[in-house]
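Have a look at the structure below, then the notes.
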Amino acid sequence: MASITLPVLALPHPLILLPTARITLPVHRATGEALLSLVQDSEAQPVIAAVPLSSPDASLYAWGTSARIVRLIRPPARNQKQPYLLSLQGVSRVRIIGHADSQPFQQDGVLARRVEFPDAEGGVPSMESIVKFKAAALKLLALLGKDTTQQSKRDTYRKIADMLEDTADEKLAWMADVLVATVNGEYTDKLDFLSATNADDRLQRATAIFVKQASITEVSKKIAQSVDDSLSKQQKEFFLRQQLSAIQRELANLTRNGVVSPSASAASDVSNHSGQGSELDNEEQAEVEDMADVKAKIEAMAKDSEERKMGVREWRRLKRIPQGSVEHGLEWLTAIPWPASQGNTASISVDTLRDPAFLANARGQLDSDHYGLEKIKKRLIEYLAVVRLKALQADREQALAASQHKDAQSPHADLNLSINTLLPHQNARPSSSSKSQTSTVKGPILLFIGPPGTGKTSLGQSIARSLNRPFQRISLGGVRDEAEIRGHRRTYVGSGPGLIVQALRKAGRPDPVILLDEIDKVGQSNLHGDPAAALLEVLDPEQNHSFNDHYVNVPIDLSQVLFICTSNSLDTIAAPLLDRCEIVQLSGYTYDEKVHIARRFLLPKQITANGLAPEQIELSEDALLTIATMYTREAGVRSLERAIGAVVRYKAVDWAEHIDSSLTSISTDKSKQVALHSSSEHALKEYRRIVETSELEKILGIARWDADERERDERRGVVYGLVVTGMGEGGILPIETLLIPSGTGKLLLTGSLGEVIKESGELALSWVKTHAYELGITQHRSVDPLKVPGEPRDIHLHLPSGAVKKDGPSAGIAMTCAFVSLLTGACVPSDVAMTGEITLRGRVGPVGGIKEKVLGAHRAHIKKLVLPYANRKDVEQDVPPEVRAAMQFVFVRTMEETLEAAFGKGVLGWRRDSMPVLESRL
Ligand SMILES: Nc1ncnc2c1ncn2[C@@H]1O[C@H](COP(=O)(O)OP(=O)(O)OP(=O)(O)O)[C@@H](O)[C@H]1O
């Protein structure tokens with residue numbers, strides 16, 4: 001046996017290099033460098049011994065393979081961690097001399113060792129081994145070829161099989177090396193094969209490997225096959241279940257229609273009722289019921305109507321493509337209360353309207369829901385009277401038309417006609433298809449304008465109650481997309497009908513009262529269509545008998561719906577909308593009215609809502625007034641209701657604690673077995689049911705408006721004007737002015753002011769400059785008060801709440817008074833407020849929103865109001881008498897009168913003798 005010294009490379013576990021095979025593996029840097037120097041030192045391809053590990057714990061196997069270094073790739077210098085790549089070509093078996101098992105293997109280097117080449121490499125195997133070997137190898141190759149899906153692999157297996165057939169017997173040992181290197185096998189088997197030097201031995205060991213491998217391949221194929229089988233079984237089961245549910249559905253349909261034999265239906269009944277499962281378990285049943293419901297609704301639709309045609313179309317489509325559930329669109333279509341469908345006639349509301357006591361009942365309803373609002377209630381009764389008359393008239397016309405129709409078919413036409421005209425029209429029903437007749441049942445569209453919390457919504461509810469119709473509220477605030485009103489087309493994912501159709505569905509009747517809240521906040525034409533235009537279509541009596549919702553896609557008759565709109569102010573409503581409405585203006589309440597509303601409506605409501613009994617709490621008159629004046633300052637009663645709610649809740653806790661403590665004292669004191677009922681009497685004795693004004697601070701905190709009033713003192717250059725906010729609330733607004741030294745006579749205006757109010761400020765200053773001499777501000781007529789020699793100044797005028805936009809001419813007289821006060825040094829008392837437009841000639845013109853402004857001033861405890869003379873009638877007509885009595889009103893025509901009213905008689909040193917001739921009266 002020849003022996004030489006070869007560098008030994010330990011192959012990482014579980015890698016084996018067999019003779020004839022080629023492998024590429026990464027090697028450590030140190031090993032790579034050692035191999036590199038080997039390559040550089042030798043002229044031909046250097047030979048090393050590639051030795052596998054006998055086990056993963058790094059001891060070398062006794063046998064290895066001599067191999068040529070075919071290629072060695074050095075990693076780039078910048079990447080120090082990357083290993084070398086080594087390609088080896090196996091040549092022949094070698095045995096390491098002095099058996100290496102016990103020697104530790106050096107990972108990062110190449111050890112030189114003596115190795116010997118076995119003599120018996122080669123030789124001719126026995127015939128038996130050859131036959132077995134070939135058979136096993138061919139079988140395995142055939143199996144592998146069948147198994148693989150890759151054509152290239154299949155070709156390789158076939159080529160090897162061909163090679164095997166052609167190989168001479170003496171070369172079969174070499175072929176065994178080729179084959180074992182190609183097929184998968186266990187590591188230990190391959191190690192064993194590596195140590196087989198004798199050709200016969202080698203063939204036998206290879207045969208064993210092939211047989212084992214072939215059986216493994218067969219077993220795994222069987223497993224895969226059985227997994228496949230079970231999967232298709234599941235699919236089959238799923239398919240059968242689908243069919244089963246379809247059959248069950250059909251059977252249930254038959255049972256409903258009474259076709260299935262009683263025994264069968266009884267059996268299904270038993271199975272339904274005896275089971276304890278919840279309704280959620282019985283999906284099939286629910287679906288069948290849904291379908292039956294939809295079918296019944298389509299059948300109830302008026303014959304030949306658009307909705308029925310669409311319903312039938314959709315129903316057929318659904319039947320053709322069963323999706324397992326009622327399609328969303330069809331569900332909506334059938335959920336709409338179509339006016340002409342059976343059971344949806346307006347007979348309920350017509351009966352209500354026929355009642356001779358209808359108007360009296362309506363008045364009673366309005367009175368029992370609302371305090372005061374006399375003018376508005378009167379207007380609403382007129383409105384209801386019109387609705388009633390129109391409805392009755394239409395009802396009569398329809399009855400007449402129906403009887404004429406009958407007469408035309410009857411041989412006793414004349415007789416019938418005379419009887420019909422005599423009879424009251426109790427049983428007349430509107431004909432389903434007569435659009436022209438139903439369209440006459442329309443009242444005017446009401447538009448409630450007023451500040452928040454003044455009862456707009458609750459008036460709408462009262463109207464619905466008195467008409468005996470359902471009430472629905474649609475909030476239009478922030479509606480920017482036309483589709484929100486009209487619905488999305490069905491092609492959109494997640495589409496649905498618009499707000500109007502949704503409200504109709506919720507109402508469940510074709511004639512509800514629909515309140516369109518905040519109609520002024522609807523967006524105008526934009527990228528998403530024109531919501532305001534869609535709303536116009538809804539409200540227009542000429543168009544709304546065929547309103548088109550994109551989702552439902554069938555014209556819907558809205559002519560029986562009673563629309564009521566609300567808005568906080570008139571200015572922000574689009575003109576075309578305003579054109580279609582009848583305006584009912586609601587203003588704020590006086591303190592007196594608020595206290596009444598609180599006592600009669602809000603307090604009882606809050607007591608019930610918070611679980612107390614009326615006898616358990618009482619608010620003194622003074623406490624209610626204090627809440628209204630000191631804790632809230634609003635036109636409506638919403639904050640007042642909230643504050644009262646807070647007081648009631650406080651008392652509810654008080655009461656509950658008291659009951660609890662008295663109960664525990666009774667139960668712990670066992671010697672005194674007092675009956676339970678006496679405990680509440682006992683509790684009542686100690687519980688203070690009256691809430692006094694002094695307790696309010698403890699309950700509601702420090703009064704919000706108290707401090708504000710105290711801060712309002714007389715100041716030079718400060719005057720109170722009157723405003724109406726965008727929400728329709730009236731109030732006072734201080735106008736502040738300041739003189740800035742070393743100026744150039746400029747006027748600076750700040751506080752988010754619009755063009756009109758700025759012009760009015762300039763106008764006011766011009767008037768004051770012109771009259772500076774008469775007012776004693778300057779010593780000479782020709783001197784500009786801001787440009788007095790040696791003392792030039794600027795004026796700064798500011799309106800607080802700088803973030804709120806302000807505009808309009810009505811602050812004219814207040815700004816003039818502020819300038820006069822600033823330049824003369826005289827002050828306007830802090831309980832005086834004013835509003836009015838000023839002209840260049842010093843005339844005072846009328847302004848709008850007088851009622852809101854006066855009520856706002858009253859809430860702010862203003863004592864004297866200076867108003868344009870032309871607004872006198874507004875005060876007399878609109879302002880409640882108790883407010884008029886509580887304040888002094890001065891109506892002025894000119895600026896001179898205004899100054900006198902604002903500053904007080906004789907306060908300003910007016911140079912009367914030098915007054916210019918103001919104007920000529922022609
Ligand atoms: N005159 C009144 N009599 C009795 N209760 C009233 C009166 N006015 C308003 N209320 C009550 O005040 C509360 C607020 O009223 P409502 O919701 O109708 O206000 P609104 O004017 O619709 O407000 P918004 O403009 O904010 O919608 C309701 O509980 C209502 O019953």
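Count begins at 1; order follows the chain as displayed.
Every residue, even glycine, has its Cβ placed from backbone N, Cα and C.
Looking at the stretches 262-288, 424-450, the one that TrEMBL records under the feature region 'Disordered' is 262-288. There are 27 other Cβ atoms within 10 Å of the Cβ belonging to Thr454 (ATP binding site). Listed in sequence order, the residues of the same chain lying 6 or more apart from Thr457 (ATP binding site) and placing their CB within less than 8 Å of its CB are Arg473, Leu515, Asp517, Thr566. Confidence in the domain 'Lon N-terminal' (6-214), given as mean pLDDT, stands at 82.
Those same-chain residues not listed among Gly450, Pro451, Pro452, Gly453, Thr454, Gly455, Lys456, Thr457 yet with C-beta within 8 angstroms of the centroid of the ATP site C-beta atoms are Phe448, Thr566, Leu586, Ala635, Gly636, Arg638. Classification of Thr454 (ATP binding site) by DSSP places it in coil, neither helical nor stranded. Taking all protein chains in view, 28 other C-beta atoms sit within 10 angstroms of the C-beta of Lys853 (active site).
Taking a C-beta cut-off of under 8 angstroms and a sequence separation of 6 or more, Gly455 (ATP binding site) has the following same-chain neighbours: His370, Leu373, Leu586, Gly636, Val637. Spacing of Thr454 (ATP binding site) relative to Lys853 (active site) is 16 Å (Cα to Cα, whole number).
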